[in-house]
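Asker: I'd like to ask you about the structure that follows.
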Amino acid sequence: MNFLSTFVTFQNLHEVRRLCHWGPIIALSVIVICSTMAIVDSIIWYWPLDTTGGSINFIMLLNWTVLILYNYFNAMFVGPGYIPLGWKPERQQDAQYLQYCSVCQGYKAPRSHHCRKCNRCVMKMDHHCPWINNCCGHMNHAYFTSFLLLAPLGCSHAAIIFIMTMYTQLYERISFGWSTVKIDMSAVRQFQPLMPFSVPAFAASLFALGLALGTTIAVGMLFFIQMKVILRNKTSIESWIEEKAKDRIQHYQTGEDFTFPYDLGTRWLNFKQVFTWSGTPKGDGIEWPVHPKCHQHTLTIEQLKQKADKRVRSQVQYRAVEDYNGACCPLSKGFQTFFRTPCTEEPRIPLNKGDTILATRGTKWWMYGDKVLKEEHNSGRERVRGWFPRRCVEKCHYDTAASDSTSDKKAN
């Protein structure tokens, strides 16, 4: 594998601007702080030039840093891969099974979705990640997942260094309660450190320890979530589509048997679709190997059915009964609303008492929908949609169109 060719490929110079975002700034700051403090503390705790253990410890620490940055920058700059603008299927009759993107002026290929942040249709889109300021998709899924694995491992190693440095600098020996067993740490403290372990150094190590432990827990959880969908050859979006397919079939009692088309049967085969020795995932991002019972457009047909169902259900009107200022975590709307705020970059829409909203989806504490604007305020036909607290609205009792349509569809 050519290391230089697979590292960072700048398609355009403006890709560097991805670094100018709060996500990469925070992520790189955490990496720099933890790595720098771990290197300094490892010199204080376990001088690498005197012992074999110290050398191995120091080399492993540098290795974690290099691998983490390598996969992070590849995930950011290689990108997910985009559907060409104006793309059309080779067979014209296949267009009836695909959604059309008015922004990209082309059809959405199977497994692709339009990202409002990137303003492009993304191949096998999983999600838009603010920490890399880019989408996670077909081309960078392996890099992104590798970063999610390496970051907790590197932070765990750094956390051990922080703990041992602070302990050995505060006490001469480690004693286990009333036990007579004691561990002499003098072997790793023969070297006189280049800098004193002062109060500011202790505070910095303690701060870095908090960052390392927090990163290990948070990023480690994301890694397990990603591996769960990868081993089933899904994306986070496709998991949601599959759940909605089951809900649609159960709601209308159609008797359909929906089979997810991209699960190849074994976890190993699914794993190899993303992770390869060359670093480049299998496939061209448009056509995919599918389950024997399915075809290339099984999932896109299901998406069209769900979109039609969404139009029916979105006719349910809600009226705002409380004002809402559009805050991400409104404490005034209750603790559950505050703590159960949707973990997404999708906008919140402010509401005034009396506003009408067409809700399309929601959770127990939040809803998502379009606010109906008055004609004088909407001359440009702009759509205002986003999340709002469920407690701020109530269903319009005079709205029977949706329930009638649903009943007729279920009867048919």
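Including glycine, each Cβ sits where the backbone N, Cα and C put it.
Got these off TrEMBL a minute ago, pasting:
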type     : residues : note
TRANSMEM : 25-47    : transmembrane segment
TRANSMEM : 53-73    : transmembrane segment
DOMAIN   : 98-241   : domain 'Palmitoyltransferase DHHC'
TRANSMEM : 147-167  : transmembrane segment
TRANSMEM : 201-225  : transmembrane segment
DOMAIN   : 318-396  : domain 'SH3'
Asker: Would you mind splitting the domain 'Palmitoyltransferase DHHC' (98-241) into helix, strand and coil residue counts from DSSP?
Answerer: 71 helix, 22 strand, 51 coil
Asker: Within the domain 'Palmitoyltransferase DHHC' (98-241), what mean pLDDT does the predicted structure show?
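Answerer: Here the predicted model's pLDDT, averaged over the domain 'Palmitoyltransferase DHHC' (98-241), is 86.
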Asker: Count the residues of the domain 'SH3' (318-396) that DSSP assigns to helix (H, G, I), to strand (E, B) and to coil, and report the three numbers in that order.
Answerer: 14 helix, 29 strand, 36 coil
